[in-house]
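What TrEMBL says about this one:
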{"type": "SIGNAL", "residues": "1-28", "note": "signal peptide"}
{"type": "TRANSMEM", "residues": "275-295", "note": "transmembrane segment"}
{"type": "TRANSMEM", "residues": "357-379", "note": "transmembrane segment"}
{"type": "DOMAIN", "residues": "597-771", "note": "domain 'SSD'"}
{"type": "TRANSMEM", "residues": "602-627", "note": "transmembrane segment"}
{"type": "TRANSMEM", "residues": "639-663", "note": "transmembrane segment"}
{"type": "TRANSMEM", "residues": "669-691", "note": "transmembrane segment"}
{"type": "TRANSMEM", "residues": "721-740", "note": "transmembrane segment"}
{"type": "TRANSMEM", "residues": "835-852", "note": "transmembrane segment"}
{"type": "TRANSMEM", "residues": "1075-1097", "note": "transmembrane segment"}
{"type": "TRANSMEM", "residues": "1104-1128", "note": "transmembrane segment"}
{"type": "TRANSMEM", "residues": "1134-1159", "note": "transmembrane segment"}
{"type": "TRANSMEM", "residues": "1180-1209", "note": "transmembrane segment"}
{"type": "TRANSMEM", "residues": "1221-1244", "note": "transmembrane segment"}
Amino acid sequence: MTKLPRLAASAGLLRLLLAALELEPVAAVAYTPIHEPGRCAIRGHCGSKSFFGSQLPCVDNGPAEEPDAKLRQQLTELCGPKWADGPVCCNAEQVDALKSNLQTANQIISSCPACKENFFNMFCTFTCSPDQSLFVNVTKTMQKNGKTLVTELDQLISEEYGSGFYSSCKDVKFGPTNSRAMDLIGGGAKNHTQLLKFLGQERFGGSPFQMNFPASYPEPSMKPLPMTPKKCNDEDPNFRCACIDCPAVCPELPAIEEAGSCHVGVLPCLSFASILTYGVLLFLCATAVAGRYVWSRHAKRRGERLRLLTDAAPSDDEDEGDLTENGAMFDRPQNTYVVNTWCDAAFSRLGHAAARFPALTIGSTFLAVLLLSAGWFHFEIEKDPARLWVSPASPAAQEKAFFDSNFGPFYRTEKVFLVNDLNSSAPGPVLSYETLLWWMGVEKEIRNLRGNRYGRKLQDLCLKPTGDACVVQSVSAYFQDDPDAVDPDGWKDKLRECADSPVSCRPEYGQPLEPNMILGGYDESGDPAEATAMTVTWVLNNYQEGSPELDRAMDWEESLKIRLLALQDEAKERNLRLSFSTEISLEQELNKSTNTDAKIIVVSYIIMFLYASIALGSTTLSFRDFVRNPAIALVESKFTLGVVGILIVLMSITASIGLFSWFGLRATLIIVDVIPFIVLAVGVDNIFLIVHEFERVNISHPDDVVEVRISRALGRMGPSILFSAITETICFALGAFVGMPAVRNFAVYAAGAVLINAVLQVTMFVSVLTLNQIRVEDARADCFPCVQVKSARIHLNGSGGSSGARYYDAPAETMLQQFIRKTYAPRLLGKKTKAAVVAIFLGVFAAAVALLPEVELGLDQRVAIPDDSYLIPYFNDLYDYFDAGPPVYFVTREFNATQREQQQKICSRFTSCQQLSLTNILEQERKREEVSYISSPTAGWLDDFFQWLNPDNEACCVDGRKPCFWRRDPAWNITLSGMPEGDEFVRYLNRFLTSPTNEDCPLAGQASYGSAVVVDSARDTILASHFRTTHSPLRSQQDFIKAYASARRIANDVSASTGLDVFPYSVFYIFFDQYATIVSLTATLLGSAGAIVFVVSTVLLGSLLTAAVVTATVAMALVDILGAMAVMRVSLNAVSLVNLIICVGIAVEFCAHVARAFMFPSRTFMERARNRFRGRDARAWTALANVGGSVFSGITVTKILGVAVLAFTRSKIFEIYYFRVWVALVAFAATHALVFLPVALSLLGGEGYVDPESEGGLEEDLASRRYRALMPDGDTDSEEED
């Protein structure tokens, strides 16, 4: 008996081999021997493989049979009228199971009638066709309870039908999950072969038996049935799909022309125009110079011939006209300017009062500073980035507030990257069996992690869209978060299977996990098991600021951050690298950067103090005097004066901050970091100018009392300080009109600090300078005024009878002053040099204009945080490995969706929807992702709501065990005519929004739309709703800026098309709103600043021409700085905009003193110009000789020292946005002020005026002569022309 089974088995094996040799499947003989019309292959149910398994069909190769009336009705209702007659190969049990199985698919694809028809037709034909044996062949079976159950079969589908079926369904969208229907019904198939393979694959939740779809078959009597698929743009309107599901029926949107798309070849139009213009001008100038040269040679030869024909003997009268005085003096200005005279007199009186009453002046100004500084008790720093960069009144802030108040704040995300790149030359797969088990243990630990203060766990805080399951996007979900489900040998195959068909491996919360959401570092067509990075995301609910729920979430995030920091070491032990970010991380790390910058500020103040003390002392103490009498250094040291100068700078800062803190104006990190540098640079400059001018007065008027000398010095330098202070203050104050709080608050604080600093310098510092001069003349030691250094006391010979201790011998000119007077200024103002200077500076300006289109927008987060922050690797990994974009919502504000006309404006899946409805436009934009940055289908609540009402979806909307719209009149249809309106609409909508989303009814709205629609039941209207989609992966600041601009454009297009109030919202928009207007804002602010410079220059200098030259010089320097920003990769943002405003003010300071010295030339200096220079040249030489040294040593060098310190900062934002920009500022402002401006003034400057301090009758003439006599002039100025 035991041999019989073996014999039978042997016989079976023999038949199998013979069949193989004959190329005939064994099943053709054993299971489906007859293939002919009217004959079946399977019929009925014979049982299941297991207790929980689905029913399997029976093998039945018998003839098709006529169904009874009930079965016929069921079949026609499910599969259509073509089944109204003829025999079938199925029974009622099969039709019931088919209906149940098609129910879920119907909810996913019913919006596209063509797709639904093809899907239903394929399965109805497979199940019930009377010619089933012609295209179905059973290949494997199993015996159970005496019945033969089918476990595998082959089904033939034609290429035409398969590809048509796939084409009709490939673009169908399933709104609730923001995904393609193909991801759900076809496992993300990319062609019809993959679709059929997925549909026929035996698996839990799918087909209960294996169905194969061979392209060809050896059985000659078998062939695919001649079925014609419906097209999504089918000629029959009953099967035509909506635009959102069928691109072929969509209207074409107008093309989008990107900003900056104007090019000439590879060059932007602006760059081409700049280069061309400069080239043409240079060519014309070169031609003119060459022509003049040729003409001059010709004229010279002609003159020589004429002289040969005349008497060359000199006339006796030729010398009568020789100049007996410096020729420049005959061209010196003769007119006075009333504004300058008034300013001079006012500052003289102010200086006299401050010098005469030093104690009162110092005490009163110090008291005023104290009163203002009392506002520090109200001092607050704004740390929230959202409040820094967007005005509360701006549309972006109001839209965020609207979104948060109606839908709740956007979710909080905690994200981790695990990367295998420690060996950068050969990065390897991040996943292994051991790593998977370790990481599952980590996730379990994080699930049990509690906050330190409130003790909350992840389960208490996480987002749960479908019940109790938290949203955790992790590769662990592919293995059901169960280490036992990870097969040491088969885990890679499982991973690949889930990556190919995410719908088959859904996590507990139900949303399929696309592999690009959890894996990175491999090609789309590559092997996910070889991915070099994985990412895990925990999603938490968010709450309103200040709420106790938010405190609990932040408490848990702090515990998570501590655990992840420790986890980095554990990952390193496994040769992996872990980076992460929590919701609280960015703000914490941004605020940390200020601590590292504080040291830089302190160092810069120390260096500036040392320089000021040494440089100020050198104005009256030469090395020769020090060697001759070292005791003089104790007296002439200006250490105390330097300290006071720095203290005045600090007092102006504290007073400004205190003043505006009284008014509740919050400071920002920019204010804390930048204002000390600005005020230090400006304040020290003015101190140098005042002291240098005072030393000149000491030399020219040694017999006057100190108060008078102080008065003269401030009277001459005060208007220049007023000029620079007014322009700087107004330029900074312009920023107060900007909506961005970071810029506005900085501008207000900076303007106040600069103004207060200027006031303290002309009052308090002048009083201190007076006391210091009294100390010096009494030969008392610096820092120890009670100690008199008698050995330093020197008596002037011929002192007019004065017996007191007098000021010592006047020092010689410094080497810098001599170099400027005797070498630099004469050579600079030569004709050839001037031509070269103009050509070079205009060339640099043209190059800078050409570079303007290359200035990028944005502020990389990696720059704004400290270099050693744990977030920098995270942001690097985010850009390198994360291949998904952020969600974006298109939000509608109040509209009446209860009316059919309004419904048609936002729907897309019904024939009467507007062609350019909201969802249709979004779908069309998705198809041009490279322009729109929209990548996923839109979740449209109205379409899914109406589909939920479809009576074919029997498990969705149910009233009394019947579908809600069963036998409704008019019936539910794709024309919207049977859809609810008015209060009925609101009633059903509320039910839809609270209906639980599950396997039976995935269209139900609780999970997808529960918080997406705000219904006003009292007024039967929709207060707010949103339509969700996602951006394409954004990997740079430019991508984020363009995505935001595109979303704005799309929302505007929707509003224009539908008349609805629509705006876009994504969590990052509020940080990028500034870039929508920053270019125009920059142009407006800088243009306004230029206009102010022109107006102030005109009023204080008294000349439109000179004001225009000064304004043009400042504008050129500013454009050059912008060009340098493009070269140095400094992008334009709120921080760099602040710096550009600073650049305007400081560039004016560089130019103001030279311009004023040109317009009001010092008689003392002008007399030394001799015969070489006349007119404007003489005044330009005088300006350089007079204030050139002060501008270089007091302005340029001080700024170089301050900027140089920034080179050692560890803060990237300081290094890029301050150090680089300020290096360019010092370089261009100094060269324009000391090189280009004197040349431009000598060519185009206006008529000058008399300097009131230089015109005082006989006394002033004698003082001028005394000053010239004291100045060394052994080597006279050259009188040769270049």
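Cβ atoms are placed via backbone N, Cα and C, with glycine included.
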(message) Against the transmembrane segment (639-663), which of these stretches has the most C-beta pairs under 8 Å: 357-379, 835-852, 1075-1097, 1134-1159, 1180-1209?
(response) 357-379
(message) Would you say the transmembrane segment (835-852) and the transmembrane segment (275-295) are touching, if the rule is that at least three C-beta pairs must lie under 8 angstroms and be 6 or more residues apart?
(response) yes
(message) Take the C-beta pairs under 8 A between the transmembrane segment (835-852) and each of 1104-1128, 1134-1159, 1180-1209. Which stretch has the highest count?
(response) 1104-1128
(message) Quick test of the contact rule: Cβ under 8 Å, at least six residues beyond the ends. What residues does that give for the transmembrane segment (721-740)?
(response) 343, 347, 388-391, 393-394, 682, 686, 689-690, 746-748, 750-751, 754-755, 758, 761-762, 1074, 1081, 1085, 1088-1089, 1092-1093, 1096-1097, 1100-1101, 1134, 1138, 1141-1142, 1144-1146, 1148-1149, 1152-1153, 1156
(request) Report, as numbers and ranges, every residue of the chain located at least six residues beyond the transmembrane segment (1221-1244) whose Cβ falls under 8 Å of a Cβ in that stretch; write 'none' if there are none. (result) 677, 825, 828-829, 833-834, 837-838, 841, 1105-1106, 1108-1110, 1112-1114, 1116-1117, 1120-1121, 1124-1125, 1128, 1130, 1136, 1139-1140, 1142-1143, 1146-1147, 1150-1151, 1154-1155, 1158, 1176-1177, 1179-1180, 1183-1184, 1188, 1191-1192, 1195-1196, 1199-1200, 1202-1203, 1206
(message) If I take every residue in the domain 'SSD' (597-771) and average their pLDDT values, what number comes out?
(response) 78
(request) Using a Cβ-Cβ cut-off of under 8 Å, list the residues of the same chain that are 6+ residues beyond the ends of the transmembrane segment (1104-1128) and lie near it. (result) 841, 844-845, 847-852, 854-856, 1086, 1090, 1093-1095, 1097-1098, 1136, 1140, 1143-1144, 1147-1148, 1151-1152, 1155, 1158-1159, 1216, 1220-1221, 1224-1225, 1228-1229, 1232-1233, 1236-1237, 1240-1241, 1244-1246
(message) Which residues of the chain, 6 or more past the ends of the transmembrane segment (357-379), have a CB below 8 A from one of its CBs?
(response) 651-652, 654-662, 664, 667, 756, 759-760, 763-764, 766-768, 770-771
